[in-house]
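A.B. asks: So TrEMBL has the following annotated:
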- 33-65: disulfide bond (DISULFID)
- 43-54: disulfide bond (DISULFID)
């Protein structure tokens, strides 16, 4: 329709917003942030980084967590002292 009118279609940037999760009903979303980070790491460990559904967890934790937190967790994983076992 837009092309018929001589208008060009423009794709606008999409901002991901994390939806409501009934497991975390309170305002404090720290646990929600943490759980999405852990779920993402477990998902890519089992399925691989190419498995697209894992990105839902990544988008969620990047939306909820301060960047300093997940960068620190990445450093902890690389150093081998991350407090959660991610291989199972």
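Just so it is clear, glycine is given a Cβ too, placed from its N, Cα and C backbone atoms.
For the listed features, I'd like the structural context: burial, neighbours, distances.
C.D. replies: Other Cβ atoms within 10 Å of the Cβ of residue 65 (disulfide bond), summed over all protein chains shown, number 19. Under DSSP, residue 65 (disulfide bond) is assigned to coil, being neither helix nor strand in the three-state scheme.
Shown in sequence order, 51, 53, 54, 57 are the residues of the chain, 6+ apart in sequence, with a C-beta less than 8 angstroms from the C-beta of residue 43 (disulfide bond).
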A.B. asks: With Cβ-Cβ distance below 8 Å and at least 6 positions apart along the chain, what are the contacts of residue 33 (disulfide bond)? List them in sequence order.
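C.D. replies: The list for residue 33 (disulfide bond) reads 61, 64, 65, 69, given in order along the sequence.
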A.B. asks: Counting every protein chain present, what is the number of Cβ atoms, excluding its own, within 10 Å of the Cβ of residue 54 (disulfide bond)?
C.D. replies: 20
